[in-house]
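These notes concern the structure reproduced below.
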Amino acid sequence: MNLVMLILALWAPVAGSMPELSLTLFDEPPPLVETEPLPPLSDVSEYRVEYSEARCVLRSGGRLEALWTLRGNLSVPTPTPRVYYQTLEGYADRVPTPVEDVSESLVAKRYWLRDYRVPQRTKLVLFYFSPCHQCQTYYVECEPRCLVPWVPLWSSLEDIERLLFEDRRLMAYYALTIKSAQYTLMMVAVIQVFWGLYVKGWLHRHFPWMFSDQW
């Protein structure tokens, strides 16, 4: 294209029938604009986490309850931590419920999460936190375990399924036996009440000879 424009520019004065063309082979680069330097980052080397611990359990109905403890040189205020849960299939999601700060000192921070329903196949609970707003993010993980009492009268079938998922088969079979005995006694009690209120009175009215003294 540049070669064609060059031929036309040289031929135009001779022919006298074409206007003059301005020939620009290269555009000049724009001038450099000086920008203000970025402010220096603050020194955050003094903030660090020296110890972290996580405890989490699953109560009846798949309700997650977790407690995290952090120790170290932490900023005031501390950034809000984030909590995620991961299932066996690899699916992860953030817990929208904010954790509760139950700290008693500035050196040790304690965060508590309670009564949040998670899937029964939850494998890990991840807790992300930072000692300051510009510090590196740390995380600690814990594997929730189903909390079932020794007399699991109020445990559900979902809790037994969770015990099998955790490979705690002995506890799962024990809970299933207790629940079966509980349901059996409840059915016997219902049958006795139904017999005393309805069946026995109906028999008295229609078959009085069944309750005579001759029998």
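In case you wondered, yes, glycine gets a Cβ from its N, Cα and C as well.
In Swiss-Prot, Cys56 is paired through a disulphide bond with Cys142, chosen from Cys135, Cys142. The Cβ of Cys142 (disulfide bond) lies under 8 Å from the Cβ of Ala54, Arg55, Cys56, Ala66, Leu124, Val125, Phe127, each of these being in the same chain and 6 or more residues away along the sequence. Long-range Cβ contacts of Asn73 (N-linked glycosylation site) within its own chain (separation 6+, distance under 8 Å): Glu46, Tyr47, Arg48, Glu50, Pro131. Note: the domain 'Ig-like H-type' (47-146) comprises 0 helix, 59 strand, 41 coil (DSSP; helix = H, G, I, strand = E, B).
The average per-residue pLDDT of the prediction over the domain 'Ig-like H-type' (47-146) is 88, rounded to a whole number. Around the Cβ of Cys56 (disulfide bond), 22 further Cβ atoms fall within 10 Å across all displayed protein chains.
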